[in-house]
Amino acid sequence: LSRRRWVVVLLFSSYSLCNAFQWIQYSSINNVFLRFYGVSTFAIDWLSMSYMLTYIPLLFPVAWLLDKRGLRLIALAGSALNALGAWVKLGSLKPHLFPVTVLGQVICSLAQVFILGMPSRIASVWFGSHEVSTACSIAVFGNQLGIAVGFLVPPVLVPNVEDVEKLAYHISIMFFMTAGVATALFILVVIVFKEKPPHPPSRAQALIQSRSPEEYSYVQSILRLLRNANFLLLMVTYGLNTGCFYALSTLLNRMVIHHYPGEEVNAGRIGLTIILSGMVGALISGIWLDRTKTYKQTTLVVYIMSLAGMIAYTFTLSLGHLWVVFVTAGMLGFFMTGYLPLGFEFAAELTYPESEGTSSGLLNVSAQIFGIAFTIGQGQIMDHYGTKAGNTFLCSFLFLGTVMT
C-alpha cells in the first residue's frame with residue numbers, strides 16, 4: 001500500500017470541506033443576507049438549492065470523465081472551480097450585487113459535481129480491502145465537516161448589525177478567508193494529487209485495472225445499474241433520507257429563529273451539533289462495516305433510528321427549551337448524517353464490478369432531486385402552516401424510506 005494514500009484522502013477531504021462550507025454559508029445566516037441584499041427568503045434558499053440543481057444534469061458527463069480520464073483531472077477541476085467561485089463572491093459586497101453572488105455560488109456548485117462522486121472511488125483505488133469503508137467515511141467526512149463549519153463560522157463572523165457598511169465589511173472578511181483557503185488547497189492538489197498508486201491496493205482493483213478499456217462501456221454500465229432492482233430501491237431510499245437532510249440544513253436557521261428569536265449563533269450551533277454527531281456516526285458505521293460486512297442490517301437500523309430522531313426533533317422544537325433541541329438534533333444527526341457513507345458502500349457492494357463513481361453518482365442525483373423537492377415543499381408548508389407541519393412532512397417520507405429499506 002502506498003503511504004501517499006492518507007495524504008490524498010485528507011487533501012480531498014479538505015477541498016470538499018471548503019466547497020460544502022460555501023454551500024451552507026448563506027442559509028446558516030439566512031436572515032442577515034436577506035436584509036443585506038433585500039431579496040426574498042426563497043431567493044436565499046435558491047443559493048443553497050443551486051448546488052442540487054446543477055448536479056442533476058452534469059453528473060453523467062463528469063462521471064464519464066472520471067471513468068475515462070481518472071482521478072487527477074477531476075480533482076484539479078473540482079478544486080479550481082471551488083477557488084474561482086470563492087473569488088467571484090468577493091465582487092458582490094454591495095446590496096445591489098446579488099446576481100454576482102449567485103454567479104459565484106453557481107461556479108461553486110459546478111465544483112461540487114466534481115467532488116461528490118469521488119469518495120468511494122478514492123477509497124477503492126488507493127486503499128486495501130480491509131480499510132475501504134473507513135477511507136470512504138473519511139472522504140465523506142470532509143464534506144460533513146464543511147457543513148459543520150458553515151453552520152458555526154458565518155454567525156460568528158457576520159453579526160446581525162443594522163449598519164449596511166459594517167455588514168458589508170463583516171461579509172467581506174468571510175469571503176476573503178474562504179477564497180484564500182480555496183486557493184491554497186488548489187495549489188496543493190496541483191502538487192500532491194496523483195492518479196493512482198504504483199501498485200493496485202487490492203485484488204478487486206487489480207482485476208479492474210487489468211481489463212482493457214474496450215471491455216468497459218459507460219452507457220452499458222448505467223443501464224445495468226438501472227436494471228438492478230436492489231440498487232434502484234437503495235437509490236430511492238438514499239434520496240429520501242439525504243433529501244430530508246438537505247432540506248433540514250437549508251431551513252434550519254428559519255426554524256430555530258421562528259421559535260427562538262435572536263438566537264442566530266445558537267441556530268448555527270444546532271446545525272454544528274447535527275453534523276458533528278453525524279460524523280461520529282459515519283466513522284462508527286465505516287469501522288463497523290469493515291469488521292462485519294453487515295450492509296443491509298446496518299442500513300436498516302440506521303434508517304429506523306433516523307426516523308425516530310426526526311420525530312423527536314419535530315415535537316420538541318417548539319417546547320421553548322433550547323437544550324432539548326440540541327439533544328434531539330444531535331440524535332437525529334448521528335443517524336441521518338451517519339447514513340451518507342453507508343449508502344455509498346452498500347451501493348458499491350450491490351453493484352460490483354461496476355464503477356463506484358457511477359453508482360454513487362446516481363445516489364447523489366436521487367438525493368439532489370429529493371433535496372430540491374423537500375426544500376421547496378417544506379419551505380412552503382412552514383410559511384403557511386408552521387414548522388411542525390413542515391417537519392411532519394419530512395417524517396412521512398422517512399417512514400416511506402424505512403418501509404422500502
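Just so you know, glycine gets a Cβ as well, placed from its N, Cα and C.
According to TrEMBL, the feature signal peptide maps to 1-20.
Annotated domain 'Major facilitator superfamily (MFS) profile' per TrEMBL: 1-405, in sequence order. Along the domain 'Major facilitator superfamily (MFS) profile' (1-405), the predicted structure has mean pLDDT 89.
Nonlocal intrachain contacts for the transmembrane segment (44-66), taken as residues 6+ away from its ends with a CB within less than 8 angstroms of a stretch CB, comprise 23-24, 26-27, 30, 33-34, 37, 73-74, 101-102, 105-106, 108-110, 112-114, 116-118, 121, 218, 222, 246, 249-251, 355, 357-358, 361-362, 364-365, 368-369, 371-372, 375-376, 379. According to TrEMBL, the feature transmembrane segment maps to 44-66 (among others).
When Cβ-Cβ distances below 8 Å are used as the criterion, the transmembrane segment (73-90) is approached by residues 12, 15, 18-19, 22, 62, 65-66, 100-101, 103-112, 114-115, 118, 172, 175-176, 178-179, 182-183, 185-186, 189-190, 193 of the same chain, each at least six residues removed from its ends. Sequence annotations record features per position, and here TrEMBL assigns transmembrane segment to 73-90 (among others).
Annotated transmembrane segment per TrEMBL: 96-117 (among others), in sequence order. If one looks beyond the transmembrane segment (96-117) by at least 6 residues along the same chain, the residues whose Cβ comes under 8 Å of a Cβ in the stretch are 12, 15-16, 19-20, 22-23, 26, 37, 39, 43, 46-47, 50-51, 53-55, 58-59, 62-63, 66, 74-75, 77-82, 84-89, 143, 357, 360-361, 364.
According to TrEMBL, the feature transmembrane segment maps to 138-157 (among others).
Distant neighbours of the transmembrane segment (169-193): 4, 7-8, 11-12, 14-15, 18, 21-22, 25, 36, 71-72, 75-76, 79-80, 82-83, 85-87, 89-90, 93, 153-154, 157-159, 161; these residues of the same chain sit at least 6 beyond its ends, with a Cβ under 8 Å from one of its Cβ atoms. Per TrEMBL, transmembrane segment is recorded for 169-193 (among others).
Beyond the ends of the transmembrane segment (231-249), by six or more residues, the same chain brings 24, 27, 48, 52, 147, 225, 271, 274, 303, 306, 310, 336-337, 339-340, 343, 346-347, 350-351, 359, 362-363, 366-371, 373-375, 377-378, 394, 397-398, 400-401, 404-405 to within a C-beta distance below 8 angstroms of the stretch. According to TrEMBL, the transmembrane segment annotation covers 231-249 (among others).
Sequence-remote contacts of a segment are chain residues at least 6 beyond its ends whose Cβ falls under 8 Å from one of its Cβ atoms, and for the transmembrane segment (269-288) they are 24, 28, 133-134, 136-138, 140-141, 144-145, 147-148, 150-152, 248-249, 252-253, 256, 294, 298, 302, 325-326, 329-342, 345. For 269-288 (among others), the entry in TrEMBL reads transmembrane segment.
Outside the transmembrane segment (300-316), and at least 6 residues removed from its termini, the chain residues within Cβ reach (under 8 Å) are 237, 241, 244, 281, 285, 324-325, 328-329, 331-336, 338-339, 342, 388, 391-392, 394-395, 398-399, 401-402, 405. According to TrEMBL, the feature transmembrane segment maps to 300-316 (among others).
TrEMBL lists 322-342 (among others) with the feature transmembrane segment.
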